[in-house]
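The [4Fe-4S] cluster binding site annotation in TrEMBL covers Cys3, Cys6, Cys15, Cys21. Look at TrEMBL and you will find His249, Glu273, Cys317, Cys404, Cys432, Cys457, Glu491, Lys493 tagged as hybrid [4Fe-2O-2S] cluster binding site. Residues annotated as cysteine persulfide in TrEMBL: Cys404.
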Amino acid sequence: MFCYQCEQTAGGHGCTKMGVCGKQPETSDLQDLLIYLSKAISMYAWRAAELGFRKEEIDRYVVEALFTTVTNVNFDSERIVNFIKKGYNILAEARALYEKAASDQGRQPHKIEVIDSWNPPQTYEEMLAESQGIGIAARLSQLGDDVTGLQELITYGLKGMAAYADHAAILGISDPEVYKFIHEALNFLTADEGRDADALTAMALKVGEVNLRVMEMLDEANTGTYGHPEPTVVRVTPKKGKAILVSGHDLKDLAILLEQTKDKGINIYTHGEMLPCLAYPELKKYPHLAGNYGGAWQDQKKEFDEFPGAILMTTNCIQKPAETYKARIFTTGLVAWPGVTHIADKDFTPVIEAALAEEGFTEDAPEKTITIGFGRNAVMSVAPTVIDAVKAGKIRHFFLVGGCDGAKSGRNYYTEFAQKVPDDCVILTLACGKYRFNKLEFGDIGGIPRLLDIGQCNDAYSAIKIAGALAEAFDCGVNDLPLSIILSWYEQKAVCILLTLLHLGIKNMKLGPTLPAFVSPAVLNVLVENFNIAPIKTADEDLAEILG
Ligand code: FSO
Ligand code: SF4
């Protein structure tokens, strides 16, 4: 195996023996094969799309394949093998689609030698053997760090985009142009131009551009289905009673579970990135949606162990379950762990039964609350007050502290940074990195809370709209606003959002806790020269530099 797609990669270089995330070498190799297969499918699908042909099944397969390989999604080799086998049929369909598209236009389909002559491996052993020649390590030795790193930057951006596109599609929103682009980009990675650093850089920015559209679709899907998040005081301590904890990012899974548990006397709690769900009108209307329990994803071992109920994982961020809770944790959607019960049909009866069999919370914990729900709609509705406060000098600066949390100690920077932000500045948060400080007291500026949570990483579109609206109000560019972006990254969704911000021409971002291993020094130079992106230093140094 060789994998360097996330921030916790071994030694800051690459996982080669076993994933720091818990991914087995075989699982990693199978994921490499799945990516190779996705590229093969897209080689046909892209050519067919250029001739005006597409097939929903092919598009959805590639999106799910990409999402499946995101960090902390699928650790189950058996499921991946089955998914690969299904992919062989999809590959045949994509080839047939291209051939039909060509013949309909009276053309001869081009031969794609490398795929036309490919004998897809059938057995588990053959799959593992095949993966050796097509993984990242093989390309690193053939193409070097810069080109391979840029290729992987695009691949990881596409994985993040696929995750967002999948969430939107689940709620009925999709765009054929997005699928077409995903095929175009995967095909590009197999072509000669996919070995040229300049062309690769341009394609990476294009991934960011198309991802903006995908994030818009996801925003439309979430707010169209569940309403606009509204400022909401939510409980972060448990109530007496039976309990289910829901983690991941999928709003629909939570909605289905809320409906299925309506009359069951079970309280539902959000974990990690599900916290913002408590602010959606169509979700918070359920009285048994009791609040949030615990912190970010990397705290799950301790928190799930102590949680006296059942746990449902809806997307990424699963870690190896401890034996103490393995029988009462469940997966659904694309997330999987070997030996953990997977619920494919959305009938959550096994989760409900497991929750009822547990003791539940025996008493109410002392009530503690936080306020969430400052999506774009809520923030825009108080925009005039905010703008007046800036003009009157009451708000000096905005800090968007966004991105993932993770296990490394260097992430204390984000807590320290938030605590040291001066009292006349506002902090906007996005994604799970906020758990480092979202239960601290920040007060307000003339009634405007100093800590405004925009939502999940999936809500980055909201943050972009807020920045755009501020720029419009002040008649300047986003880079001229009193706004600084401090990012923490962990996995490929954050990579994708970073590409979107770069596509928008956002400069001077600070990135931590460490730089991606796949970004080579030469590529980093390009980013520094064009976007003045910088690794985080200390909270004091960065604040002093920003506030000058
Ligand atoms: Fe965090 Fe996990 Fe949302 Fe990521 S929960 S780390 S960027 O998967 O998805 O922010
Ligand atoms: Fe290592 Fe991250 Fe890849 Fe897991 S996802 S194997 S931790 S680089």
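Each residue, glycine too, has its Cβ placed from N, Cα and C.
Keep in mind that TrEMBL annotations are predicted by a computer and have not been checked by a curator.
Features per TrEMBL, on structure.
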| residue | record | contacts (Cβ under 8 Å, 6+ apart) |
| --- | --- | --- |
| Cys3 | [4Fe-4S] cluster binding site | Thr9, Gly14, Cys15, Gly19, Lys23, Ser28, Gln31, Ile136 |
| Cys6 | [4Fe-4S] cluster binding site | Cys21, Thr71, Tyr490, Glu491, Gln492 |
| His249 | hybrid [4Fe-2O-2S] cluster binding site | Ala163, His167, Glu273, Met274, Thr314, Thr315, Asn316, Gln456, Cys457, Asn458 |
| Cys317 | hybrid [4Fe-2O-2S] cluster binding site | Asn72, Ser247, Gly248, Gly272, Glu273, Trp297, Gln300, Cys432 |
| Cys404 | hybrid [4Fe-2O-2S] cluster binding site | Glu7, Ala296, Ala431, Cys432, Gly433, Cys457, Ser488, Trp489, Tyr490, Glu491, Lys493, Ala494 |
Residue among binding-site residues Cys15, Cys457 with least C-beta crowding, 10 angstrom cut-off: Cys15
Other residues, Cβ within 8 Å of Cys3, Cys6, Cys15, Cys21 Cβ centroid ([4Fe-4S] cluster site): Tyr4, Gln5, Gln8, Thr9, Ala10, Gly19, Val20, Lys23, Ser28, Thr71
Binding-site residues near ligand 1 among Cys6, Cys21, Lys493 (Cβ under 6 Å): Lys493
Per DSSP, three-state class assigned to His249 (hybrid [4Fe-2O-2S] cluster binding site): coil
Residues among the binding-site residues Cys3, His249, Cys317, Lys493 that border ligand 2 - Cβ under 6 angstroms, in sequence order: Cys3
Listed in sequence order, residues not in His249, Glu273, Cys317, Cys404, Cys432, Cys457, Glu491, Lys493 with Cβ within 8 Å of the centre of the hybrid [4Fe-2O-2S] cluster site Cβ atoms: Gly272, Trp297, Asn316, Ala431, Gln456, Asn458, Tyr490, Ala494
Densest Cβ neighbourhood among Cys21, Cys432 (binding-site residues), 10 Å radius: Cys432
Local backbone state of Cys317 (hybrid [4Fe-2O-2S] cluster binding site), from DSSP in three classes: coil
Number of other Cβ atoms within 10 Å of the Cβ of Lys493 (hybrid [4Fe-2O-2S] cluster binding site) across all protein chains: 32
Other CB atoms within 10 A, centred on Glu491 (hybrid [4Fe-2O-2S] cluster binding site): 27
